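Beneath this line is the structure, given in structure tokens, with notes to follow.
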Amino acid sequence: MLIAGRAVQGVGGGGINILIDLIICDLVPLTQRGAYIGLLFVVFAMGTSLGPFIGGAIVNDTTWRWVFYLNIPIGGVGLLQVNYNRDMSIPAKLKRLDYLGNLLLIGAIVSILIALSWGGTRYPWSSVHVLAPLIIGLLGIPAFILLQTSPLVKEQTTPLRLFGNRTSSIAFFQTFMQGLLNFWILYMLPVYFQAVLRSSPERSGVQLLPTVVCMIPVAAVSGAVLAKSGNYKILHIVGFGLLTIGLGCFIILGPHSSTAAWTLTQMVAAFGAGTIMPALLPAVQAGLEEKDTATSTALWAFVQSFGIIWGLSVPAAIFNNQFNRYASSISDSAVRNMLRGGNAYSYASSATINSLAPQVREETIAVYTRSLRVIWQVSTRFSGLAFLLCFLEKSIKLRTHLETDYGLKTSEEDRSPSAF
């Protein structure tokens, strides 16, 4: 029931995310979108970063069910405010969907994520349970790309012409990295706070606040700077440069790190992440035609969401595999077996760590620290790659006015064959 509910919630939430971005693109010209996207990310960052703190307090004081109950009144109010802007029947809307393309893409992504989640934890990497979904997923991606080039598909999910220029292609990749690395930080820092520093869930949420405090105003300022200057390239360079430095500094964090150390490292990373956020969509759309704005916005939101999914699954897979590798240094076999097999993340709490004998506790904290250092090393490399790609972007002048009602356009010119 929980999985089914989360699936339905994911479908609705994914649609809401894309529609919000489309509304912004329908109302404001390209040169001004960064400012509005910056404000949008301010709200997003507040909810994402404060969520663990609020959720931890709710779970500790009441029941986890209240985490889901809270969505009902908020979602209900939003549902009442929804209005349809154009007359189009439901059958007409359904005819425009690329069913086969969506099936291939979603199936491929889910297969790859299953393989990443199971590999090295539930099953060995050489197991058929891991290799089969991984191979299916890797074959599904090129099959999806080939389908999008077919003239038989008139309403492509992802027209390949969107990748026809270097700047847009790089910006899509950076969008993926931004989503991945932001959630990499938000997902793994609480492990450090609770398992290594032995903080409670509530205190862990408070310790994550430097990310919010820095990211929110920086995103707003970055959006305003972009609206004034139109120079997204320099914002990418500064943002990914700071993010790479911040992630690199996370590597040195350990059980004896001072409050200043984990606060300042978060601030550096958050400054970088906040600078990047508003400048990605304008970079994607700068080299594209106005008629592609709706499609490129939807793809941008999808790529970002895809990065977020990987930001949850990839660090967890790396962390659990590294923990299994280093777990032999834990002298207590019962504790060692309890934390192996992908359980290290779920047991990353101060209650678990404090319940261990002093010697075993120190050994376990050391394993957590070593495993976390590996994931920060990997994330630093990812961010460094995105930083280097910034220098390959072109500085394209952003449009200062709206040319068409592109977001709701249905004419035949929007259905031209894609060209890579």
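Using the three backbone atoms N, Cα and C, a Cβ is placed for every residue, glycine included.
Some features that TrEMBL has for this protein:
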type	residues	note
DOMAIN	1-361	domain 'Major facilitator superfamily (MFS) profile'
TRANSMEM	35-54	transmembrane segment
TRANSMEM	66-85	transmembrane segment
TRANSMEM	97-118	transmembrane segment
TRANSMEM	130-149	transmembrane segment
TRANSMEM	170-193	transmembrane segment
TRANSMEM	205-227	transmembrane segment
TRANSMEM	234-254	transmembrane segment
TRANSMEM	260-284	transmembrane segment
TRANSMEM	296-319	transmembrane segment
So if I exclude everything within five residues of the ends of the transmembrane segment (234-254), which remaining residues of that chain have a CB under 8 angstroms from its CBs? That is, six or more out. 174, 177, 181, 185, 189, 192, 196, 222, 225-226, 261-262, 264-276, 278-280, 283, 369, 372-373, 376-377, 379-380, 383-384, 386-387, 390-391, 393
Within the predicted model, mean pLDDT of the domain 'Major facilitator superfamily (MFS) profile' (1-361): 84
Contact call for the transmembrane segment (170-193) and the transmembrane segment (130-149): at least 3 Cβ pairs under 8 Å, seq gap 6+: no
Chain residues in Cβ proximity to the transmembrane segment (97-118) (below 8 Å; excluding those fewer than six residues from its ends, i.e. six or more beyond): 127, 129-131, 133-134, 136-141, 143-144, 147-148, 153, 155-158, 306, 309-310, 313-314, 316-317
Between the stretches 130-149, 205-227, 296-319, which one has more Cβ pairs under 8 Å with the transmembrane segment (260-284) than any other? 205-227
For the transmembrane segment (130-149), the distant same-chain contacts (Cβ-Cβ under 8 Å, at least six residues beyond its ends) come to 100-101, 104-105, 107-116, 118-119, 123-124, 156-160, 418, 420
